[in-house]
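Chemist: Sharing a structure below in structure tokens format, with a few things to ask.
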Amino acid sequence: MSRLRSAMKAVNFLSPKTKKCIPVPEKAKENEESQVCMMNASPYYICKLASKGDLTSFEKYFNKNPDRLHTRNTKRQTVLHLAAEKGHEDILLFSLANGAEIDAEDNKGCTPLHVAIMNRFPTCVNILLKYGCNPHIYNLQELNAIQLACELDFDDVLLVLLKYKSIDVNAWNKDGNTPLHCTASKDSYKCAKILLENGSLLCQTCEIGFYPIHTAALSGSAKTLNVFFEFVSDQGKDLSRALSYVDKDNNVPLHSAVRSGSLEVVRVCLEAGSRIDLKQDDLYNPLHLASAQGNLDMVSLMSELQEESFMKALHQKDILEMTPLHRATLFNHGHIIEFLISKGADLEIGDIYQRTPLLLAASKGSHEAGNLLCRAGANPLAKDVNSRNVLHLAIKGGAVASKMVCSESYGNVHVTIKQLTNEKDAFGCTALHYASQEGRLAALNDLLRSGASINSKNNDRASPFHFAVRYGRYKSCCKLLDSIQGKNILNETDGKGMSAMHIAAENGHVKILDLLITRGAVVSKDNRNNSPLHHAAANGYTKSITLLLNVHCYLMNATNVDGETALHLSAKNGHTTAVCLLLSCKAKILKDRKKMTFYDHILEMKSFEVAQAVIEHQRWEEIMAQPSEIYGQTIVGLVRELPDVCLSLMDRCTTPSKEDPKYKKFSIEYNFKYLQSPEDDSGDFERKPMTILNEMVKYGRVDCLSHPLTINYLSMKWMAYGLPISLTSYFFYIIYMVSLSIFALTNKQIEKNSTSFSYETFHHNHQNYFLSTIIVAYSLINIVRAIVQLIQQRLNHLFEGSVVLELFLHVLTLIFICPFLIDTKFDSFQWEAGIFAIFIAWFNSLLYLQRFESTGIYVVMFLEILFTLLKVLVVFFSLFIAFGLAFYLSMSSQSEAYEQIFPSVLKSLMMMLELDYSTTFHTLFLNNTIDYKSVYVILILYVILMPFLLMNLLIGLAVGDIESIQKNAGLKRLTMQVTSHTAIERMLPKRLLRRFNKETYTVFPNDQGKCSSSIMKQSQPSNNDKFQNIEISADKIDWEMRKQNQRLKSIQSMMESQQEMIRMITQKMEICSEDDFVDEGENFTECMGNDLSNGENQVKRWKSFVEKKVKK
């Protein structure tokens, strides 16, 4: 039962054409209980009948339900697929006649036509094409009908396909290939012949630029290629034209044939007349390619079939001016080299670098190629473009040079090697220079035995010993020093006046430096008076510095021609550890010829890590106390260039006590000596107090200004003289402000009540006279003070808002008061000045409160919101004008508020706060006295834009900026304090300032009784535990890093001792290792001019030719 139900569910799918559900046979439904597994009840039964080929049963089963014709099996094959697969033509014809889908695709994307072609049933293919199937459909392998036939080389099927005009023999497929390309790639020569006979073009390229001939050659399709050539010949055309077809890289078919590696394809091309001397874009001819491949049979075939062009190609050069012999030598193909030499290849021709094949073999370490070339008579004395001989290149390439030149034609090999030993190249280097540079120990020994000069110097006056030292070749240095002339080279200098000690220190080779010191090398100075310590410090090699100072401690403070010590050079080059090491070794803090200390160079280079390390060093106070030639004070340079380091300096000036931060006696000591300006003897008007804090304000160093050290420094000054002076100033200002207010109110009342008000009335009023005297005196004093500040700060003070406001206030005050003191006529202008003076005086009293801790922050926030409001009103002022003019034009005759333009605009502004709709609009609407009905449109727009939109925008800006304003208010208050204290200190005497200033200040944050005021309490950090936490975490990190460093050092020393032990064991057991032939040190591709990279050369043993001769 379960099988029957699953079978019934399996047929619930849609037919591709009818889009109907295929019904389950009725008989199967009726006999579900009795017939469990009947074959003819299966939905796939019709597929089985189609595959079987029983037309009678197929037709009978179809007639019961015609929709069964669209049934698909599990592979999504229809009856047409199955009939075409088995070649049942009658089933195919019956199904097509009854509407079967002719182009249905199975799960591989194949149509019935694909299936018929794959199973090679030409009649089925013919039937499907007659019924109009689409031959251009691609299966999942991107093949259509004609390409599938060509790939399978079914010539009979292809003939059937080509009977129909709908098939284009030259059409590109999705990959950009024509059917002829497909036959060429699969060597389907029968189909290729048919395609050519039916109009397929040999001269048509694919999308990537290959002709069918190139495709056949690359694919090794010899038979197809032969068909192509025969077709061209049969057509009576010139075969050389087809052989000269070039692809996108200008390769002719012979190039492609050589690349394929097929000897048969090459034979076909050569027999057809293809020339060997044709070149492609890189100027390679086919012989170049075959020689590089090492294919001797192919090269022999070329020589046999195309002897004339072969001899021409033998001497041709490629883009690097290499001949085929060079290419064979490059890859060490000995059999090719022998063959080419036998054919007359030129042994002395050079490439782009003037390297002969022998020199090329030497540079690549090719022993076999070198031997063959020497036996053939290659000149061992040849040189390349840099005048390097075979010995130079052999040493650099790791080859055995003696093997390269052991030819009978050159007689005694010892004479040849000795002749090459001391030859110099274009850079003045001998073979010994190369051996020292590359660390070839065996070569070095042979050269020394052959009499190589260890005193020879190159163009830079560097000897082989200098080379060995520069590249860290310790064993080579030992061998050179142990030679007969070793003592003479120990202290030799190069063109820069640098000895071996300078070079070893410059490159950080500690072992070699120790060797030189042990051998008694003299410490000298180079041409710029730099000692080895200078070079070690300039490159940051701390081990070399330590080694030199342990032996030659007098080098510590030595100076060069620029007056720079080792400390200067390490600081200039940003070497943190070297700077700290020299400071720990008590290096003096000197100035160079530019009057700069080492820390000035650090600030100039903005080296954060070095500057931070110096601040953390135990000598930081001594360093910070040094005056700076550039900045005056070192801390000024930190504020300008490295504010983060300045924060670290300020942290070091903050010292918490050792008690628990929660303990009552816990204290924090602040050291202000680096924040205080240096004392000068200049006049009062030239003094620049609070230089460091003003630099912080000038460069916007927010973190530095908000640091606890800065806050407490300002608080100390505030408590010392800022608060008393501010309170006194505010007290006098209050007297002035109250006096001005009483005076104005009193005289305004007299003016109202008296009709005979005159100067005599005012003069006999003692109260008015007293008040006016106070007011005028205060105003004049403040005007003079403002002018003095203006002279001191040279117009900078003029642009401060509070100064301008006070000047304006006192000018208005004098305009208001002076007419009362002299006998003049009073007018409205005087009282308007008084009105503004009273308003500004009380408003300015609000600004005075900025100086005080408890109230200043709120004043700053108020002013910030005020400035934001003014900015918005200025931006949207055009809206007030727009609505004011609109209401004026609409309602000037109906409402008194809109009779004039300015009151109309002012009314629009006031309506934002109170619309006053009933009085202004509603009454006029009820009385029907509005002339222009458009005023209602203007009113609606006004209500939307002004009270709703603009007011909400203003509220949002005010509320949204509160958080940022609150954050910046404290900083701005500090900035104002700096400005205020600067102005005060500029006026105070020096003696008084010395009494006020304190170098250290101690705060007890947990003891309110010992805090000077609540201001000091508020200025302390809220988290007192941070000092202890930071100290504990820093100690832990430092301890862990020290432990890891000790472990690394112990591991390094252990590995070095084990390496030495293993070396001694191998020597005792007479085991040869790579270390016996290649010295330690750094690997460089080139140090003496431009040359090919040495990276591809394998290290090979240098076996002594002399020892071999002795053994023989």
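In case you wondered, yes, glycine gets a Cβ from its N, Cα and C as well.
No curator has checked TrEMBL annotations; they are predicted automatically.
So TrEMBL says this about it:
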DOMAIN    730-969  domain 'Ion transport'
REPEAT    75-107  repeat 'ANK'
REPEAT    108-140  repeat 'ANK'
REPEAT    175-200  repeat 'ANK'
REPEAT    249-281  repeat 'ANK'
REPEAT    320-352  repeat 'ANK'
REPEAT    427-459  repeat 'ANK'
REPEAT    496-528  repeat 'ANK'
REPEAT    562-594  repeat 'ANK'
TRANSMEM  721-745  transmembrane segment
TRANSMEM  769-791  transmembrane segment
TRANSMEM  803-822  transmembrane segment
TRANSMEM  828-849  transmembrane segment
TRANSMEM  856-889  transmembrane segment
TRANSMEM  935-959  transmembrane segment
Chemist: How about the transmembrane segment (828-849) and the transmembrane segment (769-791): do they have 3 or more C-beta pairs under 8 A, pairs 6 or more apart in sequence?
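Modeler: Contact between the transmembrane segment (828-849) and the transmembrane segment (769-791): absent.
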Chemist: In terms of Cβ proximity under 8 Å, which residues at least six beyond the ends of the transmembrane segment (803-822) contact it?
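Modeler: Contacts of the transmembrane segment (803-822) (Cβ under 8 Å, skipping residues fewer than 6 from its ends): 740, 743-744, 747, 759, 762, 768, 772, 775-776, 778-780, 782-783, 786, 789, 797, 829-831, 833-834, 836-837, 840-841, 844, 847.
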Chemist: With DSSP helix as H/G/I and strand as E/B, how many residues of the repeat 'ANK' (108-140) fall in helix, strand and coil?
Modeler: 16 helix, 0 strand, 17 coil
Chemist: Under DSSP, the repeat 'ANK' (75-107) has how many residues in helix, strand and coil?
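Modeler: DSSP classes over the repeat 'ANK' (75-107) add up to 17 helix, 0 strand, 16 coil.
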